[in-house]
Structures are given as C-alpha cells and as structure tokens.
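The structure under discussion appears below in the form of structure tokens.
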C-alpha cells in the first residue's frame with residue numbers, strides 16, 4: 001500500500017507558487033527519489049510533507065491519515081523523521097547529545113538499543129561520541145543527521161540532499177548505508193537529490209521535478225536510461 | 001620626518017600621513033570631552049574652551065603613535081623608549097591640568113610639581129625611569145608572551161574545565177564561611193548580599209538567555225513582580241514571608257508565560273525589543289496604578305522575615321514572640337538579621353543553580369539548548385517549540401520572582417525606581433560577560449560588575465572609566481564571555497580531562 005500519498009499539493013512562499021499541484025506516492029519498503037535542478041521545489045515538497053510550510057491546497061496522507069494541516073512536531077510523532085537540507089545538526093552539542101535529541105519523541109527504553117543500531121550503521125559516530133558535532137567533517141555531520149533521524153524510530157525517513165558538499169567517496173558510503181537502512185531496518189526512504197546518477201541507481205522508483213511540477217516518473221533504471229534525464233541531469237557529469 | 005625614521009619598509013610621507021590621521025582622531029575625541037568645560041561665573045554658567053588640554057592630548061597621541069610605528073618597524077629601541085616616556089609625561093600633564101588648573105596657558109604643571117621638593121624630584125625621576133625601563137625592555141617579553149599566551153590560555157582552560165566541580169565546591173564553601181570571616185563588618189555582609197542577589201538573577205536569566213537562547217531585555221519585570229507580590233501580599237493580607245516566597249515565584253512565572261505567548265514567533269532583535277517593552281510596561285504600571293502600588297512613593301515598612309516563623313530579629317520583640325537572640329541564648333546584635341538574610345539569599349541562589357544544572361541534564365534542558373542551536377531542526381525532531389520556550393520563560397521568571405521577594409524583604413522599601421531598564425541591562429551584562437550558560441561565569445561576572453564598583457566607591461567617577469576600559473578589554477580578548485566553554489552533560493567512558501585535553505589541542 002502507499003505509505004505517503006501526495007495529492008494535488010500546492011505550496012506558496014508569499015505570492016510565489018513553489019509547488020504547482022504535485023501528485024506522487026511512496027510505497028512501504030521502497031526507496032523513492034526525487035531529482036531536479038536547483039530551485040525546482042524539491043526541498044519545498046519535502047518540507048511540505050513535514051508541515052513547514054503547510055500546503056495551501058491538496059492533501060498529504062501518511063498511512064491514510066491527512067497530515068497536511070498538522071504542526072511539524074506532531075507529524076514527527078507519527079513516525080516520519082527527516083535529515084533536513086544542510087544537515088542542521090546542533091553544532092555546539094556533542095554527538096551523543098545530538099542523538100539524544102533525535103530520540104526525544106521516543107520512549108527512553110528503546111534508547112540503548114537504537115544507539116547501538118546507529119553506531120553499527122555509522123561506526124565513525126561511535127569514535128566521535130563526545131566530540132562537538134560542529135567540529136566534525138561534512139560527511140560525519142551527514143551521518144549524524146541521518147543517525148539522529150533514525151533515533152526517532154521512523155517508518156518513513158525523509159533525506160534532503162545527503163550528498164551536499166561531501167567527498168565522493170563518503171557519498172558512496174552514505175548511499176550504501178541508506179540502502180542498508182532500507183533493506184535491513186525496513187525503513188521506507190524518500191530521498192531528495194541533485195546527484196541524479198547515484199540517487200537513481202539506489203532508488204526503486206524516481207520522480208523528476210521541473211519548476212514545481214513532476215514531469216517524469218518511473219523506476220530508477222528507466223529514468224537512468226531515459227534520454228531526457230540523461231541530457232538534463234547526467235551528461236557532462238559522471 | 002627625520003632621516004632616522006625612514007626604514008626600508010615605510011617612508012617618511014607614510015609616517016606623516018599616519019600621524020596626521022591619529023592627530024585628527026585625537027582632536028575629534030578630545031575636543032568635546034576635554035576641550036569644553038562649564039565655568040561658574042557671577043553672570044551664570046559659561047562655556048570655557050580648554051585648547052591647552054586638547055593640544056596636550058593631540059601631542060601625546062602623536063608621540064605615542066610614533067613610538068608604536070617605530071616598534072612596528074623594529075627601529076631604534078632607545079628612540080621608542082624615549083618617545084613612550086614623553087607620551088606618558090604628556091598624558092600625566094594633561095590629567096593634572098584637567099584636575100587642578102584653571103589658567104589656560106600656564107607653564108607645564110609637572111615641572112613645578114617635580115621641582116617643588118627633593119622628594120618630588122626623586123619621585124618624578126623614578127616615574128620616568130620606570131616607564132623608560134618598561135618601554136625599553138618590553139619588546140622582548142612581548143614576543144615571548146605571544147608564544148606562550150595561547151598555551152597558557154589552554155592550560156587555564158584545561159584546569160578550569162576538568163575541575164569545574166571542585167571550583168564550584170570551593171566557591172560555595174567560601175560563600176558559606178564568608179560571614180564568619182567578615183562577621184562584624186556590616187558593609188562586607190551588605191555587599192556580599194547584594195552580589196548574591198545579582199548572582200541569583202544572573203542564574204535565573206541564564207536559563208532564558210544562556211540555555212534557551214531567547215534574548216530577554218526585560219528580565220527586571222519579573223524581579224519587580226516578585227518584589228511587589230511579596231510587599232502587597234504581606235501588607236494587605238498579612239501573610240508571612242515564608243508563605244509569600246513561593247507565591248511571588250508563581251506570580252512571576254505566570255507573568256513569564258503571559259510575556260511568552262505573544263513573543264513566541266519572534267527571534268533575536270525583535271524578541272529583544274518586545275521584552276524590553278514588557279519590562280517598561282510593568283514599570284509604568286507600577287508608577288501609575290497609585291491605589292494598588294503607591295505609585296512613585298513605593299511601598300515602605302515591608303515586613304522583615306522571621307527566623308522561619310520561630311523567632312524574631314528585632315530589638316523589641318512583639319508580644320507573644322521570641323527573639324532570635326533569646327532562642328539561641330546570644331546577646332542581641334543587629335548583625336544577626338543581616339547574616340540571616342545573607343544565608344537566605346545564598347540558599348535561594350544555590351537552589352537556582354542546582355535546579356538549572358539538573359534541568360540541563362533532563363530532556364527539557366537539552367531541548368532548550370537544542371532550540372538555541374537550531375529551531376527548525378528541533379521542530380523536525382518532534383520537539384514542541386511553544387512549550388519549550390514557555391517553560392524557559394516561566395522558570396527563568398520564577399527565580400527572578402524569588403529574588404524580587406527577597407529584595408523587598410531585605411530593603412523594607414520598594415519603588416518603581418529600583419526596577420529600571422538599567423537593572424535588566426546589568427543582569428544581562430552579567431550573563432553575557434560570564435559566558436552564556438556558564439554557572440561559575442555568572443558568579444565571576446557578578447563580582448566584577450557589582451562587587452568591584454561598590455568596593456572602589458572612593459575612586460568616584462574613575463571607576464566607571466576603568467569599568468569601560470575593562471568591558472572593551474573583554475570584548476577584545478574574551479568576546480564570548482569570561483568562561484565560555486560548553487561541556488557536554490554526559491561523557492561516556494572518558495574523564496572530562498581527557499575530553500577537554502583532546503579539544504583544546
């Protein structure tokens with residue numbers, strides 16, 4: 001069944017219409033990616049799912065429940081967690097404290113078990129446990145952001161450009177881990193990316209966004225082979 | 001410029017340009033401060049222009065700057081020392097003239113002063129000698145300092161951060177035995193009590209500003225609410241201090257929530273302006289609601305606290321009560337009450353500190369800190385920013401209210417004048433100066449901000465000069481506050497020392 005269903009969503013920033021009627025869905029157990037150029041509205045769509053900003057038209061259903069009018073912090077309690085654009089970790093708090101913050105919606109009894117799970121996925125974080133998060137490298141910060149989201153025991157994980165400003169080798173590693181999270185931890189992933197090649201290779205299905213509209217959709221392999229996608233997002237790159 | 005000044009790196013013209021620039025700055029700074037003074041003449045007040053002072057200021061600036069240029073360019077050390085000595089003499093001359101002299105074009109005063117007796121000649125020569133020596137030999141040590149200073153700073157930081165608990169315990173022990181050390185010295189106890197009030201206010205505001213990161217410029221409003229709640233409850237309903245203390249805290253906390261609601265959406269500068277307004281609103285209400293608060297006349301003869309309701313501190317004990325001295329078989333002394341008040345505020349302050357450190361380790365405290373770091377991230381992790389902010393405002397305000405009730409009972413008289421914006425600014429300065437979120441920092445800052453100016457009252461307006469210079473120095477060298485380190489609340493399998501040592505490197 002579809003876990004997240006977006007129906008005709010319009011979102012405005014003041015007078016600017018950033019999303020012009022989006023329809024898409026994420027099924028349980030999938031990795032779905034959304035690719036597009038700068039300013040296409042990818043992040044806006046992801047944030048609209050979290051209720052900041054709220055959609056002015058249309059509905060967003062999470063497991064059948066309409067969440068488009070709920071405040072952000074309540075949406076998180078339903079089992080949606082995100083690693084926001086630019087990571088937004090708490091720079092002056094330690095890695096451990098950041099992970100504690102991630103678990104704030106959860107019963108403390110799961111904490112130790114979840115912490116171990118995150119450290120299994122990202123052994124680097126365990127080494128840095130008492131370090132100030134802001135002093136870590138970009139890749140480590142991204143790992144922390146994903147780990148922090150996982151501490152909230154999500155069923156749906158929203159990832160906004162996890163490859164942003166990170167060394168290619170580390171990007172590969174992070175994408176591997178995302179795959180592992182999806183397969184082993186049974187977490188559904190909705191991934192917003194500019195790095196179309198990596199994202200489409202990883203994803204089960206993908207959507208392409210241009211100027212606030214979804215223009216193409218299909219499986220990851222289909223989109224990778226699509227000449228339009230190749231011309232717009234892949235050529236000249238990898 | 002003479003030839004000896006020109007080096008390979010800088011030409012005479014450049015030096016002249018730089019000197020001219022500083023002469024203009026000196027002129028601009030001195031002309032209004034030193035150059036114009038009011039003179040009391042039979043015909044009334046008149047403005048007199050003191051060009052001699054302005055001239056001395058400019059000359060001493062130029063000489064001093066020239067010395068600094070030479071130092072920068074590594075030129076003749078003797079020359080530097082001579083110039084620095086000359087500049088110092090000129091500055092001294094300027095001060096003496098400013099204080100003593102009305103005649104505008106008199107001979108240099110210090111010549112007369114120095115040659116007036118043998119002792120003064122010796123003093124003057126010693127003065128010149130000392131300055132000259134310092135100027136001559138300071139170059140080497142300055143270079144050496146630049147090498148060792150960061151290391152020394154790191155060492156101090158390491159020592160402080162790995163022994164925070166011990167330092168805290170030592171500090172508490174000192175404040176506990178303080179009355180035994182200065183038991184008979186009334187002004188010392190008074191001063192310590194005053195400092196302690198500000199420490200408590202600083203700790204209370206620290207919750208709002210330091211932990212939750214909400215810049216509150218109207219904190220004094222809660223202090224006022226606490227003070228007036230106690231004063232009014234005790235006067236109108238004859239309630240005792242011990243009953244009113246928690247009530248004052250509750251009133252202040254509810255005002256904190258009232259303030260919190262409208263400002264929830266504001267951040268940074270905008271929040272500061274609204275809280276500033278709130279502080280003023282409370283003060284203006286206190287002035288104008290004459291029937292309730294007595295307006296500008298304030299409330300006088302507020303009841304003093306008893307010894308937990310068992311005994312009384314006054315000389316003539318009312319019927320049916322027992323005096324504190326009788327209870328303990330002591331001779332009557334007015335100091336008993338003061339020392340009791342001191343311990344009362346000490347306990348209140350320690351409670352504040354204890355609660356704050358406990359809260360920091362609880363989810364709510366960590367949510368405050370996370371909110372300060374990144375509100376959007378907090379929201380997306382499922383933290384309700386509304387409740388988090390309101391709780392910070394309420395708890396911070398509650399401690400302000402406790403401090404206010406204590407202030408009212410200690411003074412015995414309160415009026416709106418005690419709760420001006422200046423108080424808010426001082427409390428905020430204590431928090432910022434101490435280093436946001438640092439408990440010991442607040443204590444240090446309160447001693448520096450409140451204790452020192454009171455202790456050096458004899459220095460009159462000069463203490464404000466020193467105070468200003470101190471603030472500038474702190475801005476330059478410790479822009480994030482005296483103790484501006486934030487340590488994690490939890491460390492796993494690692495001592496603080498190792499952790500800090502790793503970070504300081």
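Including glycine, each Cβ sits where the backbone N, Cα and C put it.
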Exercise for review: Would you mind telling me which of B:372-389, B:462-479 TrEMBL tags as transmembrane segment?
Suggested key: B:462-479
Exercise for review: Look up transmembrane segment in TrEMBL and report which of B:118-137, B:138-157 it refers to.
Suggested key: B:118-137
Check your understanding: Do the transmembrane segment (B:270-290) and the transmembrane segment (B:19-36) come close, with at least three CB pairs under 8 A (pairs 6 or more apart in sequence)?
Key -> no
Revision key, fill the gap. Contact set of the transmembrane segment (B:214-233) with the rest of its chain, CB cutoff 8 A exclusive, min separation 6+ beyond the ends, reads 201, 204-205, 208, 239, 241, 243-245, 247-249, 251-252, 255-256, 259, 268-269, 271-273, 275-283, 286, 292-293, 299, 302, 389, 392-393, 396-398, 400-405, 407-409, 414, 416, 418-421, 423-425, 427-428
**Study point:** Positions whose Cβ lies under 8 angstroms from the transmembrane segment (B:239-263), at least six residues beyond its ends
**Key:** 218, 221-223, 225-227, 229-230, 233, 271, 274-275, 278, 282, 303-306, 308-309, 389-390, 393-402, 404-406, 409
**Study point:** Selected stretch (most C-beta pairs under 8 A with the transmembrane segment (B:189-209)) from B:48-68, B:118-137, B:425-450, B:462-479
**Key:** B:425-450
Check your understanding: So what's near the transmembrane segment (B:19-36) in sequence-distant terms, Cβ-Cβ under 8 Å and 6+ beyond its ends?
Key -> 47-51, 53-54, 57-58, 61-62, 65-66, 69, 94, 98
Point to revise | Interface-richest range of B:48-68, B:118-137, B:425-450 toward the transmembrane segment (B:462-479), CB pairs under 8 Å | key: B:425-450
Practice item. For the transmembrane segment (B:425-450), find every same-chain residue at least 6 residues outside the stretch whose CB is under 8 Å from a CB in it, and list them. Key: 164, 167-168, 171, 194-195, 198-199, 201-203, 205-206, 209-211, 216-217, 219-220, 353, 356-357, 369, 470-471, 474, 478, 480-486
